[in-house]
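Colleague: Here it is, the structure in full.
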Amino acid sequence: MNRREGEGGSRRNADAAQDREASAQSSSPVIAAFKVFQQELDTKHDKHERLVKISRDVTIESKRTIFLLHRVTSVPNAEDILNEAELKLDAVRQKIGQIAEELRGEDIFQFHRAFTGGIQEYVEAASFLHYIRHRSLISLEEINARLVFMKSEKEDSEGLSGGLSGGQVLTFQVSPSDYLLGVADLTGELMRMCISSVGNGDIDTPFQLSQFLRQIHDGFSYIGNTGPYEVSKKLHVLRQSLGKVEDACYALRVRGSEIPKHMLADVFSSRTTHMEPEEGVV
């Protein structure tokens, strides 16, 4: 009987100690501060995951736009395809508007890695469309000018039947590094466009693309080692794309009259450019 009473007393003492510890923790300023930190980290993590998801959608839709634009070399009327591509890019911009909404009031560089891939893909698609229309490179200012969004405050006025109570302007600014990386990826699409054009009997486009790619390469060469690290990695791919286009132009100039037009694409696709990897940036 005494043993049972001793066990019950020790259990009550342990429960009382736990209660005192819990009350002390609830009133501790250190514990309260760490709970605030936990909420902030959870909020940041949730925002990061939402941005990753939106960026993935931007990447997918931008790639679909690029695939659509490659059809302009094989259709008699390219304007319909260009208009459809513009509509797809408008939908992509709405997605980027969601990114701008998530980043409102936040430090953009804390979340940059979450959406940089999607923004680069959008720059690639937008610059590809701009080149097909105007045969020139779209500027960073022109890209940012299309990323201005008007957000309505209809959600904020729930319960009111007056409709829109106002609005505010949201802007998204593409960083120079994302712009450069998107333009670097554009060179690969231009190389594919060159091969497709040759296969369809268009002999002038490869020479225009060769000159344009040479200008882009010269521009990247001026950056040197002062640019982003990723640019140095993509510069080698840029050189490869330029080399393939120049190789196609050389073959057209020298052997163009010997090869039937319907066989040109197969000939150029089978040709490989042996380029030694270069270290660093010129």
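In case you wondered, yes, glycine gets a Cβ from its N, Cα and C as well.
Pulled from TrEMBL, these are the listed features:
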COMPBIAS  1-22  compositional bias 'Basic and acidic residues'
REGION    1-27  region 'Disordered'
COILED    75-102  coiled coil
BINDING   GLU124, GLU189  Mg(2+) binding site
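For each feature listed, report its degree of burial, its nearest neighbours and the pertinent distances within the displayed model.
Modeller: Across the coiled coil (75-102), the prediction's mean pLDDT works out to 94.
Spatially close to GLU189 (Mg(2+) binding site) yet at least six residues away along the chain are ILE66, LEU69, HIS70, GLU124, PHE128, judged by Cβ distances under 8 angstroms.
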Colleague: Residues sitting near the coiled coil (75-102): Cβ under 8 Å, six or more positions beyond its termini, same chain?
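Modeller: Same-chain residues near the coiled coil (75-102) but 6 or more away: 47, 50-51, 54-55, 57-58, 61-62, 64-65, 68-69, 111, 115, 118-119, 122, 125-126, 129, 132-133, 146-147, 149, 151, 170-172.
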Colleague: Other than its own, how many Cβ atoms are within 10 Å of the Cβ belonging to GLU124 (Mg(2+) binding site)?
Modeller: 24
